[in-house]
C-alpha cells in the first residue's frame with residue numbers, strides 16, 4: 001500500500017490529496033447553487049461545497065454516548081484510559097474541515113452528519129476491546145486501544161529507504177484512531193501534518209489529537225493513485241467507472257470498507273467483520289438523529305458483493 005500525493009494550492013493549509021485535487025480546491029461561486037447553498041465555499045466539482053463546522057451538529061454528549069465505556073472498569077487494564085476525548089477529535093477535525101471532512105454538501109444535500117458517523121464507526125471497530133456487538137451495544141467496544149503492537153514485524157519496507165528510511169529500532173506498527181502501518185505511511189502522514197512521525201511514531205500514542213488527525217488523514221487519502229479515498233466514495237463525489245459498476249462498487253458506506261480494508265472485509269458475502277462495522281455505523285446514526293433509511297439500499301450500505309479495489313497483498317493490515 002502506498003500513498004502518493006499532489007499538493008493543494010492553498011497558503012492557509014497544505015493538505016495532500018491523490019485523486020483530482022481540483023475537487024478539493026475552493027473556486028469561484030456558481031449562481032444557482034450558491035443561492036441554494038447560502039455562504040458555502042463552492043468546490044471545483046459540480047454542485048459541491050463545504051460549509052460550517054462539525055461542532056454545529058455534533059456535541060460532546062453525543063460523543064460520550066458513542067464511547068460511554070471507554071474509561072470504565074472494563075477497560076481499566078488498557079493503557080488508553082482517559083486518553084481519548086471529544087475535544088481532541090474536534091481539534092483534529094478542524095484541520096480537515098475546509099477540505100470537506102464533515103462539512104460537504106453534494107447536490108444541495110448535507111453529507112457531514114453521516115460522514116462523521118461513518119468515520120467514527122470505523123474508528124470504533126479498529127480500536128475495539130473486541131466485545132461482541134450482538135450481546136453488547138457498540139459503545140462498549142469502542143476507543144479501547146490507540147496502538148496494537150506486533151513483535152514479529154517492524155513494518156519496515158526497504159523499497160522506501162530513499163524517501164522514508166526506517167529508523168533503527170523503531171517499529172511502525174498499528175497506531176492511531178484509524179491505524180496506520182509501515183514506514184511510508186508514517187512518513188507521508190508526518191509530512192502532511194508537519195510532525196516527525198518517521199523518527200517518532202510514538203507521538204501518536206502520546207497525543208489524542210494527533211491520533212485522530214492521522215486517522216482523518218487516512219480517511220481523506222486514497223490508498224493508491226487513481227483510486228478514490230474513503231471520503232470521496234462516501235460523500236458521493238466519486239463517480240464509478242464501467243469497471244466499477246461491473247464490480248458492484250457504488251458510492252456509500254460499503255465502499256468505504258472496500259477502500260480501507262479490501263478483501264480483508266469485502267467481496268466475501270455476509271461476514272462478522274463487515275456486519276460489526278455496519279452495526280456501529282447504524283447505531284451512531286441513531287445517536288446523531290439521522291434516519292437509517294438515508295443509508296440507502298443494502299448494496300450501498302454493504303460491500304459483501306463488491307469486487308475489491310485492492311487485493312490483500314496491498315490492503316492495509
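Residue numbers in this text run from 1 along the chain shown.
Each residue, glycine too, has its Cβ placed from N, Cα and C.
All TrEMBL annotations are machine predictions without curation.
Note that the structure is predicted; figures quoted are calculated from it, not measured.
For reference, TrEMBL has these:
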SIGNAL    1-23  signal peptide
DOMAIN    61-294  domain 'Glycoside hydrolase family 19 catalytic'
DISULFID  156-166  disulfide bond
DISULFID  266-303  disulfide bond
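Neighbour counts were taken as the number of other C-beta atoms within 10 angstroms of each residue's C-beta; across the disulfide-bonded residues 156, 166, 266, 303, the minimum falls on 156. Comparing residue 303 (disulfide bond) with residue 166 (disulfide bond), their Cα atoms are 35 Å apart once rounded. The two recorded residues, residue 156 (disulfide bond) and residue 266 (disulfide bond), show a Cα separation of 26 Å.
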